[in-house]
Amino acid sequence: MNTVMIITSMLVVAAVGIVVGFGLGIFGEKFKVEVDEKEAAVREALPGNNCGACGFAGCDAMAKAIASGQAAVNGCPVGGDGVAALIADIMGVQAEAADKKVAYVRCSGTCDATKAKYNYSGIKDCRMATVVPGAGDKACSVGCMGFGSCVQACEFDAIHVVNGVAVVDKDACKACGKCIDACPQKLIQLVPYKQDTFVRCVNKDKGPAVKAVCSNGCIGCTLCTKQCKFDAIHMDGGVAVIDYSKCKNCGLCAAVCPAKVIQHPKAEQLREAIAKKKAADAAKKKAELEAAKAAEAAEAPKTEA
C-alpha cells in the first residue's frame, strides 16, 4: 500500500467523521430533552424510596408532577414536613401542614385469644397461606395470620409480629402503604397519626360466633354506639366501625366495651371513673330512698296503745 492510498483513506475517514459529527450535533440540538431545573431540584429533595405512596409511579414521576403544578409540595408521605418544606422553597410556595397518617392493624387475635385449627408447618407467608383451607391455622378466618408478609414489605422496620398479630410502630411508620398491599386479609389501613381510638376487629359475625373463635373479638353489643356523643361509631354487620373524621378520641366507647376490643390509651382509667360514678350514684339513690322511708315513717300517725 503506497503513501497516496494511506493519505486518501485517512482523509475519507476524517471526512466521514466530520459529516457524522456535524449531523449528530444538528440532531442533538433539534431533539434534545430540555431539563427542568426545578424538577431536578425537587427530585433531589425527594427521599428516593419509589414506594408509590404519593399516588405516582415513583419519585421521578412525583417530581415531574410537582414541578408542573399537578401535585402538592407536601404530597410525599415518606418525606414528611421536612421534605415538604424543602420542595416548597424550591417551588417558591408555602407548604401547608399535611395530616400525618400511619398504618394500623385492625386485629387483636393474639395467640392467647384465638384458637388454632391445626398445626401449620408451611411457608411463613400470609399470601401463600391463603390457599390453605380456612386461610391459615387460626380459628378466625378474617384475622391476622401472623406470618409477617407486611413485615417483609416494610422498608422502614415499622411493623412487627407480636404474639401472632402484626403491630405498627407509629413513630417509625412513613405511611407508604406497602404493608396494606401485602396483607391478604385487608386488615391494615392508614389512619390519622393523632387518632387514639381503634376497633381492633373486623369480624362481622354475631357475638357467639365471634367468641367461639376469638376471645378478643367484637361481640356487636352496640354499647359503644349508644355511648358516643359525636355519632362517630356505627355498626357494620356485627362489628363496630369508627368514623375518624368525627371521632374526638374521648375514649368513652372503649370504656363501655365489655369485650375490651376498642383500644384507647386511657380506657382503664375511664372504666374505673365510670364504675366509681355508678357506685356513687347507686349509694346516693339508696341514701335518698332510705331518707324518704324515714320521713314517711316519721309523718305516719302513731296508734295509741
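Cβ coordinates come from backbone N, Cα and C, glycine included.
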Worksheet entry | Annotated stretch (coiled coil, per TrEMBL) among the listed ranges 60-89, 150-179, 270-299 | 270-299
Worksheet entry | For the region 'Hydrophobic' (1-28), residues assigned helix / strand / coil by DSSP | 26 helix, 0 strand, 2 coil
Item to complete: Check the Cα distances from CYS183 ([4Fe-4S] cluster 2 binding site) to each of the binding-site residues CYS54, CYS59, CYS76, CYS154, CYS173, CYS176 and keep only the ones within 10 Å.
Response: none
Discussion item. Looking at the binding-site residues listed here (CYS51, CYS54, CYS59, CYS173, CYS179), whose Cα lies nearest to that of CYS140 ([4Fe-4S] cluster 2 binding site)?
Written reply: CYS179
Worksheet item: For CYS173 ([4Fe-4S] cluster 3 binding site), what is the tally of other C-beta atoms lying within 10 angstroms of its C-beta?
Response: 23
Practice prompt. Sort out the residues at least 6 away from either end of the domain '4Fe-4S ferredoxin-type' (206-237), same chain, that have Cβ-Cβ distances under 8 Å to it, and list them.
Written response: 108-110, 113-115, 138-141, 143, 199-200, 243-244, 246-248, 250, 252-262
Practice prompt. Go through the chain and flag residues at least 6 beyond the ends of the domain '4Fe-4S ferredoxin-type' (164-193) whose CB is under 8 A from any CB in it; none is fine as an answer.
Written response: 49, 51-53, 77-78, 80, 99-111, 114, 126-127, 130, 135, 138, 142-146, 148-158, 202, 244
Worksheet item: Which of the binding-site residues CYS144, CYS154, CYS173, CYS176, CYS179 has its Cα nearest to the Cα of CYS54 ([4Fe-4S] cluster 1 binding site)?
Response: CYS176
